[in-house]
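Database features (TrEMBL):
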- CYS95: active site, nucleophile (ACT_SITE)
- HIS192: active site (ACT_SITE)
- ARG129: substrate binding site (BINDING)
- 11-199: domain 'CobB/CobQ-like glutamine amidotransferase' (DOMAIN)
Amino acid sequence: MDAPVIDLLQLYPRDMNIYGDWGNVLVLRKRLQLRGYDVRLHEYNPGDEFPGQVDLIVGGGGQDSGQNKIQADLHALGGRLKELADDGVPMLAICGLYQLFGNFFKTHTGDVIKGIGLLNVDTVGGPTRMIGNTVLDSSEFGTVIGYENHSGQTFLKEGVQPFGTVTKGEGNNGQDGTEGARYRNVVASYLHGSLLPKNPAVADFLVRHAALRRHGSFNDVRLDVPYEAEARESSAARPR
Ligand code: GLN
């Protein structure tokens, strides 16, 4: 029998892919392959044709200038992405793309980059960047470890839950203790690092929902990845 296929889409790898965000794609692909899935990786840049079949979507962070470059294309795609999110497609949006999945990002220079409103969050650029190692407490995923670097301060609105609560670092806005956002099977976060190698529970949430939605089942074998526990412990202990 042929291996079951998962179509994994990386949004805007050319303009939105910093601080190791590509590592998220590698982890999702590897964890699916180790469980017997045949992963088709699609890279989508502005102007490309959107694939007909998509099971899992990932997008990374970017400079304000990168966000400006993709904004028109993202608006054209917005309706499609919202439909997919509402239909349960798992998505991971990091930092710059997280902001543009929201309603808007008003940069510290006053430019407004419109978002697609997939997440009911607003972002306003602050005078200082929030930079450093970050640790979260998440009711769904346990301890989450990463690295943040953003000027945008994001505020969650109705219908959106936080991804976690910061125990080290600034999080969404440096004020209310929240970090990231959760809606349906969408996970959005400021955390680079990349996020998924150190947070397998988050990676497995995404791959599980992709497989369940496409195939009606998930081959949930336990993966013993060497050095994973060590990497988590040493990262969590790192100074801010
Ligand atoms: N340009 C955005 C900000 O500074 C996002 C940065 C990022 O993706 N790291 O807030």
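Even glycines carry a Cβ here, placed using N, Cα and C.
Those TrEMBL annotations? Automatic predictions, nothing curated.
Projection of TrEMBL feature records onto the structure.
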residue	record	CB count, 10 Å
CYS95	active site, nucleophile	29
ARG129	substrate binding site	14
HIS192	active site	22
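Over the domain 'CobB/CobQ-like glutamine amidotransferase' (11-199), the average per-residue pLDDT in this prediction is 97. Here the CA atom of CYS95 (active site, nucleophile) lies 8 Å from the CA atom of HIS192 (active site). In this structure the alpha carbons, written CA, of ARG129 (substrate binding site) and the residue listed as 'active site, nucleophile' are 13 Å apart.
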